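What TrEMBL annotates here:
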COMPBIAS  1-16  compositional bias 'Basic residues'
REGION    1-23  region 'Disordered'
TRANSMEM  60-79  transmembrane segment
TRANSMEM  86-109  transmembrane segment
TRANSMEM  129-146  transmembrane segment
TRANSMEM  177-199  transmembrane segment
TRANSMEM  211-229  transmembrane segment
TRANSMEM  293-314  transmembrane segment
TRANSMEM  334-352  transmembrane segment
TRANSMEM  439-462  transmembrane segment
TRANSMEM  468-487  transmembrane segment
């Protein structure tokens, strides 16, 4: 049965506009204003109703954003000054400390994020600040800044040593008193007691777990540098005796187990094989020590910044009830690897500049290598092969010797320099393969950094969570800076060791200009 639908009860078919009573005027004005159109008594709504959304961040947020943008512009303006200050130990450690603090903040953002942008949200901030343990944050911050404190301590020591050089009596003791009583002892007391106070509060909440988690880096440090700790402790004791009594024993063993100062070391070409091996042994030990520092720094930075906040999440509410926090283990693992590799790259860039790569290459060129022979050539008799002796002169390329009942053939990057290495010595062989081509070494570092940037970019494309996007975008700034610096070093060292035809012409032109300027 069909018929016309009655317009009763349907306001769309009425020709009379609804009247608004004066008592309802205030209520109507409080409702969202909706633009309407009247045509033949029909009211048509043009725009949809707008949700009652929170206004979001206030004026302070946008002013801080503008301030950060201004700081970034200022940083780019003085980038040349930054490149100059990069090699200062204190400035570099401050840079690494800022990166560690940034990673720590982003990890807390991932752990204690809120849904503050949703309508009728109970959270007005982006993080649940009441869940963050301030004492744990204090302990982690002090441990991350321990390298900055050490560099500042050494800088004060060097400054005072320079001032008191050649002085004695009252002036000497005045500067020493000023160094320890007004700078070092207050600094040590402030940091030590601050850490102990914060750690005691963490221990009250987590008992034995606090000792275990904070003790792992100490165990790892002893495992990596146990052969360095003993000479350093002895050197510190001798330095203390020198300060108290004015006399002491200069311990050279501590210097042998410390990093070589590139500015004070110059390669000397020598035709003495023993001298070449001695120089190579020092550089091999220094190379291994630098690599250990890079690996340990990367692991320690990621451990303190990424892992410890996850290990010490709050287990009870304010009322004492047990609570559990869901942690994305895959994302935490990815973030741990990113921070560890980036910190490793930062220390690699600092401890392996192109000057150091050039020093390694010069020593490896004189050292050469021995290739193990499974069998002798048919035209060579075993009785004709001499045995290798440490007192032998430098061997020529292609020479065959016997060592430990094995046969080796001499090879070298430069045939004119010869071979001074010990046959069968794995350290000599590894050192030669690493340092024989400095261009390939720097290029490998550049490729490693490019792969790290590419992997982070892939994660950025695949992720959908806002906190992950913010984390990756901010952390990638350090990788961009490292990639640019390594690429520049690769170009510079490539033009030195593998110059093109244009580079050779430019070098000849510069040499001719220098000869013309000479009287």
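Positions of Cβ are set from backbone N, Cα and C atoms, glycine also.
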Under 8 Å for C-beta pairs, could you tell me which stretch among 129-146, 439-462, 468-487 has the largest tally with the transmembrane segment (293-314)?
129-146
Surrounding residues of the transmembrane segment (439-462) on its own chain - C-beta under 8 Å, 6+ positions past either end:
334, 338, 341-342, 345, 348-349, 352, 354, 357, 360, 468-469, 472-473, 475-476, 479-480, 482-483, 486-487, 489-490, 493-494, 497-498
Cβ under 8 Å, sequence separation of at least 6 from the ends of the transmembrane segment (334-352): give me the contacting residues as numbers and ranges.
86-87, 92, 95-96, 99-100, 103, 106-107, 110, 259, 290, 293-295, 297-299, 301-302, 305-307, 445, 448-449, 452, 455-456, 459, 471, 475, 478-479, 482, 485-486
